[in-house]
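Listed features, source Swiss-Prot:
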{"type": "BINDING", "residues": "D439, D441, D443, H445, E450", "note": "Ca(2+) 1 binding site"}
{"type": "BINDING", "residues": "D468, N470, D472, C474, E479", "note": "Ca(2+) 2 binding site"}
{"type": "DOMAIN", "residues": "4-126", "note": "domain 'N-terminal Ras-GEF'"}
{"type": "DOMAIN", "residues": "154-387", "note": "domain 'Ras-GEF'"}
{"type": "DOMAIN", "residues": "426-461", "note": "domain 'EF-hand 1'"}
{"type": "DOMAIN", "residues": "463-490", "note": "domain 'EF-hand 2'"}
{"type": "REGION", "residues": "382-405", "note": "region 'Disordered'"}
{"type": "REGION", "residues": "555-596", "note": "region 'Disordered'"}
Amino acid sequence: MTSTLDLDKGCTVEELLRGCIEAFDDSGKVRDPQLVRMFLMMHPWYIPSSQLASKLLHFYQQSRKDNSNSLQMKTCHLVRYWISAFPAEFDLNPELAEQIKELKALLDQEGNRRHSSLIDIESVPTYKWKRQVTQRNPVEQKKRKMSLLFDHLEPMELAEHLTYLEYRSFCKILFQDYHSFVTHGCTVDNPVLERFISLFNSVSQWVQLMILSKPTATQRALVITHFVHVAERLLQLQNFNTLMAVVGGLSHSSISRLKETHSHVSPDTIKLWEGLTELVTATGNYSNYRRRLAACVGFRFPILGVHLKDLVALQLALPDWLDPGRTRLNGAKMRQLFCILEELAMVTSLRPPVQANPDLLSLLTVSLDQYQTEDELYQLSLQREPRSKSSPTSPTSCTPPPRPPVLEEWTSVAKPKLDQALVAEHIEKMVESVFRNFDVDGDGHISQEEFQIIRGNFPYLSAFGDLDQNQDGCISREEMISYFLRSSSVLGGRMGFVHNFQESNSLRPVACRHCKALILGIYKQGLKCRACGVNCHKQCKERLSVECRRRAQSVSLEGSAPSPSPTHTHHRAFSFSLPRPGRRSSRPPEIREEEVQSVEDGVFDIHL
């Protein structure tokens, strides 16, 4: 690094820019390429590229006033380096490209042909393909057979084509996509990264589907063996990302529970499987994987999820700026971010050592394009080997390796403490929903008849008199809110919002019911209630103010209220479930896995 800059103490953008200019000599040779590349790659984290271009123009004009021809030349060398190292920025950012063209026009106007010749903005190739997201096939095409490709490919050939598919998708990811993800914590307005994550999940799901598509345990064991060898070949190709996807599919609960199937897998295959699983386990912050990646030479495909997790951890741990005025950027953080992003950027500069067949790629793309939920996969697993089936007792049987925390939670986020304002907000929303749906005559009160209807859905609700404080024969909104506020301390403030959450890997993007942002299944950020199916982020779990409406216990209120017109009859279906205020445990009731149902996106709406 340039000796005049102390990144650990922080520096201004202008100081860094000046240091990058001074890193060049008059002939264009870079004395400190690491500093220059780091700043040009990382500056969008702090200021827009168009603003950096304006600063460069200002530096050039200032050096012209100072009659510093050397500084002018170095500035032009920096612009040339910027265009050469990051051409996609100039093709995909019209405002930035226009500013550089203005600088070049100024040089031409002043007769500085030598300086102008260094800036070749017109020769930048198009990178529009990096912003084009492959559209998935229509839903009606999903149910075709998946064995067309699988049965005819050797493990290495399949590993090579999977590598090519993911590499092609990965090359479309730009710095701005990483920055957006780390900033928002999700893939809002980030279709390229979202599509790559979807492809990762598709591979993991396809592995499960291929295994579960076989009717006999022996056949399923052969498929498992085949995929273990595919994973072995992926490791040989140093493709850790797809290796993670395949191992994740093999270690999924829908596969790991197949005891009879695993009894037909050879001990050697089990041993190989265990070794591959151990390589990508989250133990020690993925220490095994990191050591193996660091030793790689040539092409390697890192596990994107691990490195995105590192970026998120840095973003949470360290500030971007060291002063309240946001003038001195955190150079230490910038250096650490650069190391992670440079490792990812290196992937696109090294082509994988594979030759892909276009026809096979098309078949594989169709095979991966499936829409199966976690519940559907598990139900298929139960069909293959029901729970009542006794496990084999053969002395030669092998058990699958324990499912590792392959991709653990991103960061340890402390659960927010529930204050009274938040509890009141939750309760008010719940009570408003109760009145909207159960106040049949719309008089703003719950009568005894209406209360009995509610009790059908709220089995733990206290007696009518406990809520009717003034004993006037009906319950007002204020009385119901007061009742739940009194009871909330027993249940930790969660009341009717107790859900039976489990981690969810949704192939399709789904929205969090609290913050409305998208949930990415690949990184286990999402939770899904096994009773009502509501989705939310882990960090939104404690703030979710949506009742748990168990579909299996829905109540029909047909004909419970007079119809407003003779031609319209109201049908109301509800599935609410509230705990009894006196209960000390806030744990939701256990739900058998047979009761888990596939949930469509709009299932939580009240149908009137």
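Cβ atoms are placed via backbone N, Cα and C, with glycine included.
Locations of recorded Swiss-Prot features on the structure.
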| residue | record | DSSP (3 states) |
| --- | --- | --- |
| D439 | Ca(2+) 1 binding site | coil |
| H445 | Ca(2+) 1 binding site | coil |
| E450 | Ca(2+) 1 binding site | helix |
| D468 | Ca(2+) 2 binding site | coil |
| C474 | Ca(2+) 2 binding site | coil |
| E479 | Ca(2+) 2 binding site | helix |
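Each of the binding-site residues D439, E450, D468, D472, E479 was scored by the other Cβ atoms within 10 Å of its Cβ; the lowest score goes to D472. Take the Cα of E479 (Ca(2+) 2 binding site) and measure to each of the binding-site residues D439, D443, H445, E450: the nearest one is H445.
Within the domain 'N-terminal Ras-GEF' (4-126), the DSSP-based counts of helix, strand and coil residues read 87 helix, 3 strand, 33 coil. Comparing C-alpha positions, H445 (Ca(2+) 1 binding site) sits nearest to C474 among the binding-site residues D468, N470, D472, C474.
Each residue contributes its Cα atom, and for D443 (Ca(2+) 1 binding site) and D468 (Ca(2+) 2 binding site) those atoms are 16 Å apart. Take the CB of H445 (Ca(2+) 1 binding site) and look out to 10 A: across all protein chains shown you find 18 other CB atoms. Looking only at Cα atoms, E450 (Ca(2+) 1 binding site) sits nearest to C474 among the binding-site residues D468, D472, C474. Comparing Cα positions, D441 (Ca(2+) 1 binding site) lies closest to C474 out of the binding-site residues D468, D472, C474.
Of the chain residues outside the Ca(2+) 1 site list D439, D441, D443, H445, E450, F435, V440, G442, G444, I446, S447, C474 have their Cβ within 8 Å of the site's Cβ mean position. Cβ atoms within 8 Å of the centroid of the Cβ atoms of D468, N470, D472, C474, E479 (the Ca(2+) 2 site) belong to the same-chain residues H445, L467, Q469, Q471, G473, I475, S476, site residues excluded. Comparing N470 (Ca(2+) 2 binding site) with D439 (Ca(2+) 1 binding site), their Cα atoms are 19 Å apart once rounded.
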